[in-house]
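Peer 1: If you scroll down you'll find the structure; I have some questions about it.
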Amino acid sequence: MSDKTPQSFFKRTSNRFNTEQLENERNPEEDSAKGNVKVICRFRPLNSKEKEYSERSCIEFGSDLKSVRMLTQSDAGCLPVFNFDRVFSPDSSQAEVYEMAARPVVESVLEGFNGTILAYGQTSSGKTFTMSGPSLDDPVYRGIIPRMVKTVFQSIQEADEHLEFAVKVGYCEIYLEKIKDLFNPSRGDLKIMEDRTRGIFIENLTEEYVSQEEEVYQLMKMGGKNREVAATNMNEGSSRSHAIFILTISQSNTTDMSEKTGKLYLVDLAGSEKISKTGAEGKRLDEAKKINLSLTTLGLVIYSLTDGKSTHVPYRDSKLTRILQESLGGNSKTTLILTCSPSSYNEQETISTLRFGIRAKSIKNKPKINKEFTVAELKLLLAKAQEEIKQKEIKIGLLEKRAIDSGRNSSRDTEETSVNENDLQGLIQELELEREHLAEEIEKNNELSQDLAIQTARAQSLARENEEVNSKLMDILFSMQSIEDKLQDSEEAVCKLTAKNENLKKIIDSLQEALAEANLTISKKEMEMQNLLLNTTPIKDKEDLIAEVKNLREKYQLQEEQLKAHYSRIIQDCNNAKAEEITSTSIEINTLIEEKMQLSSDLRSKFDVIYSLEQKIIQKDQEFQKIEIAKKEYEDHMKGKVSNLEKSFGQLMKKMADDLSAYKQKCGIYKERALKYKERCEKLKERLSEIRQKIRDHRGTENKPESPQKQHAQIVKKVKGGGNSRLLGLLSFSAFSSPYKRKD
């Protein structure tokens with residue numbers, strides 16, 4: 001059964017079982033949401049050979065459309081059940097498979113993700129039918145690839161006006177572990193390369209830019225004719241190679257100058273084969289060995305990715321797995337389509353395919369948008385960062401002013417407050433240093449941008465020179481083609497002359513034969529005449545007979561001379577014509593050969609110039625790539641710096657806010673203290689006023705003097721009443737006169 005299955009490929013199958021009772025089964029939707037490989041299973045109907053063997057189906061479909069059960073007991077004594085993201089029965093349409101299996105991946109690629117769709121299964125299980133369909137022009141039975149192309153160009157037509165797209169396609173196959181360019185098969189075995197910018201890619205693979213669906217279809221038809229296809233006992237049109245169709249979509253946003261690139265791999269794997277069934281031998285056997293070997297390596301890679309113990313994944317053991325490295329456990333959204341036969345004749349192959357899919361479901365990919373920063377976008381980001389820095393400088397200035405004002409208003413704060421202010425000032429100084437450093441980095445970035453612009457201009461200049469050289473080369477090639485045409489015309493003329501000469505030789509030979517026959521006839525006639533003269537009775541006179549014989553002989557001699565003269569003229573004319581033609585042709589050929597040698601010399605010198613220019617272009621391209629790498633590293637460094645600066649600024653703002661809150665609390669405390677001090681001062685003032693009033697009152701009473709006698713009497717009274725010696729001493733110093741005082 002061919003992978004290019006006829007239109008009656010899918011028929012309705014009613015075998016269903018209720019899966020609601022199944023327990024302890026994995027949820028496919030949860031796996032897909034986590035970035036796991038999405039696995040779709042599709043069954044084709046029985047073909048004529050399988051029906052001859054048995055019309056019994058070996059599978060049963062679940063009612064949830066996500067599970068399939070084998071009707072043969074496993075070693076554990078139960079019917080094995082396999083759960084996938086979706087299971088399609090033979091009655092499913094091409095459109096249903098595309099909408100479920102491929103459209104989400106295609107839409108992700110349009111958003112800038114990488115995507116991969118693989119078709120895996122035994123030979124003659126319907127892989128090529130699913131991926132390409134029996135005809136690219138059939139709207140009902142066309143496969144995933146042509147439907148994907150239509151989706152891409154429809155989405156581009158419906159996209160916003162500020163988005164610009166570029167689409168290019170490549171087509172290759174892996175045949176006998178050699179990579180063949182299906183757009184240019186003469187290139188031979190292509191190499192797989194890897195670098196930081198492009199990742200893993202096929203070197204020198206022809207990629208054609210396309211602007212509409214029809215262009216892609218024409219390229220697919222051209223590449224399909226170059227594929228390795230052969231008949232086996234299982235499939236009349238068996239694919240003998242792994243085919244990979246690569247579609248790259250680049251989009252640029254004219255508003256923010258951003259760029260995104262999504263790459264889609266559409267892989268039609270060659271089918272696994274059992275030699276006993278396919279009957280492969282000779283070249284077909286070698287092909288089957290290589291196919292099975294690469295599929296075995298694919299299985300080992302999947303096993304290493306999912307067993308949780310392997311430290312090495314053998315991507316490099318096969319060119320297929322090397323190309324699909326990002327698709328299996330890397331940066332890609334991947335869908336695996338399992339194509340199976342429901343026939344009991346292929347039961348073991350079907351079980352093997354389903355087990356392969358179950359293990360592949362456990363692969364965890366890490367898809368991300370492939371966004372590239374352009375120089376214009378970097379300039380916008382730089383301007384934005386400068387604006388943010390300016391705003392932050394303004395905020396810092398305001399905070400510094402507030403801090404200074406707060407310092408002036410709180411000059412009587414405690415030593416702790418001074419320490420906090422010093423810390424804040426230190427943080428501000430650190431932020432200022434960081435800002436200066438960022439300005440230096442921005443200046444370096446500007447220098448790099450200028451260098452990049454210079455290198456770009458040089459590359460453009462070299463490209464223009466290369467175009468001029470190519471134009472001259474095309475002129476030389478046209479001249480050489482003209483010379484080749486003239487040389488070919490001359491060779492054709494020589495061939496014609498040679499043929500004409502051969503014809504003349506044939507004519508001369510025929511004339512010589514006619515002359516020989518005439519001579520023979522004359523001889524016969526002479527013999528007859530002599531016999532007549534000797535054997536017959538004389539009817540006439542002997543002299544008359546002799547005269548007649550002479551006349552006949554003269555006539556024959558005359559004819560012979562005429563023939564010889566004619567023959568000589570023909571030979572002379574042929575020789576002259578041939579000599580003149582050959583001479584002129586030889587001269588022209590020699591002239592053309594000299595011109596060709598001169599042009600070849602000029603061409604070699606031009607090729608040397610082109611080679612030198614190509615080397616310069618390669619060198620400049622390498623320098624440009626180095627600049628791109630340095631720019632990317634610098635961007636990462638700048639992003640880290642900006643992130644650290646924002647983090648430091650956030651911490652500073654938080655600390656300043658905390659300090660400001662603390663200042664406000666302390667100011668409140670100081671205000672309360674000041675109010676208390678004010679109240680105490682008021683009370684002290686009132687008390688001081690009272691004391692002053694009492695002093696004034698007391699002074700007023702003291703200003704009325706008593707008579708000395710009265711004062712003295714009071715003192716004496718006190719002394720008599722029991723005054724002590726101290727009081728008596730005081731009396732001795734009294735300003736008043738005393739009767740006890742001794743008079744000199």
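Backbone N, Cα and C atoms are what each Cβ position is placed from, and that goes for glycine too.
Unlike curated entries, TrEMBL annotations are predicted automatically.
Take a look at what TrEMBL says about it:
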BINDING   Gly121, Gln122, Thr123, Ser124, Ser125, Gly126, Lys127, Thr128  ATP binding site
COILED    375-472  coiled coil
COILED    497-569  coiled coil
COMPBIAS  1-21  compositional bias 'Polar residues'
COMPBIAS  23-33  compositional bias 'Basic and acidic residues'
COMPBIAS  693-709  compositional bias 'Basic and acidic residues'
DOMAIN    36-363  domain 'Kinesin motor'
REGION    1-33  region 'Disordered'
REGION    693-715  region 'Disordered'
Peer 1: So, three-state DSSP: helix, strand or coil for Gln122 (ATP binding site)?
Peer 2: strand
Peer 1: Under DSSP, is Thr128 (ATP binding site) helix, strand or coil?
Peer 2: helix
Peer 1: Tell me which residues of the chain lie with their Cβ under 8 angstroms from that of Gly121 (ATP binding site), as long as they are six or more apart in sequence?
Peer 2: Lys127, Leu269, Gly271, Ser272, Leu338, Thr339, Cys340, Thr353
Peer 1: As a test of reading the model: what is the averaged pLDDT for the domain 'Kinesin motor' (36-363)?
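Peer 2: That region's mean pLDDT is 87.
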Peer 1: Please work out the number of neighbouring Cβ atoms within 10 Å of the Cβ of Gln122 (ATP binding site), leaving out its own Cβ.
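Peer 2: The Cβ of Gln122 (ATP binding site) has 25 Cβ neighbours within 10 Å.
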